[in-house]
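I have a structure here, written as structure tokens, and I will follow up with some questions on it.
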Amino acid sequence: MTEYKLVVVGAGGVGKSALTIQLIQNHFVDEYDPTIEDSYRKQVVIDGETCLLDILDTAGQEEYSAMRDQYMRTGEGFLLVFAVNSAKSFEDIGTYREQIKRVKDAEEVPMVLVGNKCDLASWNVNNEQAREVAKQYGIPYIETSAKTRMGVDDAFYTLVREIRKDKDNKGRRGRKMNKPNRRFKCKML
């Protein structure tokens, strides 16, 4: 069974824990209790493959930012979560993305942009803005509501698919690089 290390990042209060708990335990946590770092595991079937999701729910508060490099090193894929009612949390996404790329020392890292709290009546970030940013980054965009469970499975499962794609691409590149160059043949005269 394949294990996927998923990391949920974003500013404080965007609903990272609520999304994760909704996926793992099928219930909505409505009280805000700032997370330092929590880890969850769940076995799921995605596209016919049974897999184990190892999900790290991270601290959004700035005082825990020193811990970020460590979990970014070990994560295979990242949910970049913002709250649709918080323009600031949306602006912070670029900082998280750049830090992930720096720590992973890679231009392309599996990520999904997640606009959470879509059940709320007033949005400060419209979906066109979010779609445009996701397009610029070359990553999928999923709208979610941890409260109603809308898009929750889709967000995590899409991230697993992005990790699979990334592994397939790296595998293909590796095979191409390992092929010997057969155009030149040595002959002893």
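Even glycines carry a Cβ here, placed using N, Cα and C.
Pulled from Swiss-Prot, these are the listed features:
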- 10-17, 57-61, 116-119: GTP binding site (BINDING)
- 32-40: motif 'Effector region' (MOTIF)
- Cys186: cysteine methyl ester (MOD_RES)
- Cys186: S-geranylgeranyl cysteine (LIPID)
Over all shown protein chains, what is the count of other CB atoms within 10 A of the CB belonging to Lys16 (GTP binding site)?
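There are 28 such Cβ atoms around Lys16 (GTP binding site).
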Within 10 angstroms of the C-beta of Cys118 (GTP binding site), what count of other C-beta atoms is obtained when all protein chains are considered?
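Around Cys118 (GTP binding site), other Cβ atoms within 10 Å: 20.
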Out of Gly10, Gly13, give me whichever of these binding-site residues has the highest number of other Cβ atoms within 10 Å.
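That would be Gly10, with the most Cβ atoms nearby.
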Taking the Cβ of Thr58 (GTP binding site) as the centre, how many other Cβ atoms fall within a 10 Å radius?
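Cβ-Cβ neighbours of Thr58 (GTP binding site) within 10 Å number 25.
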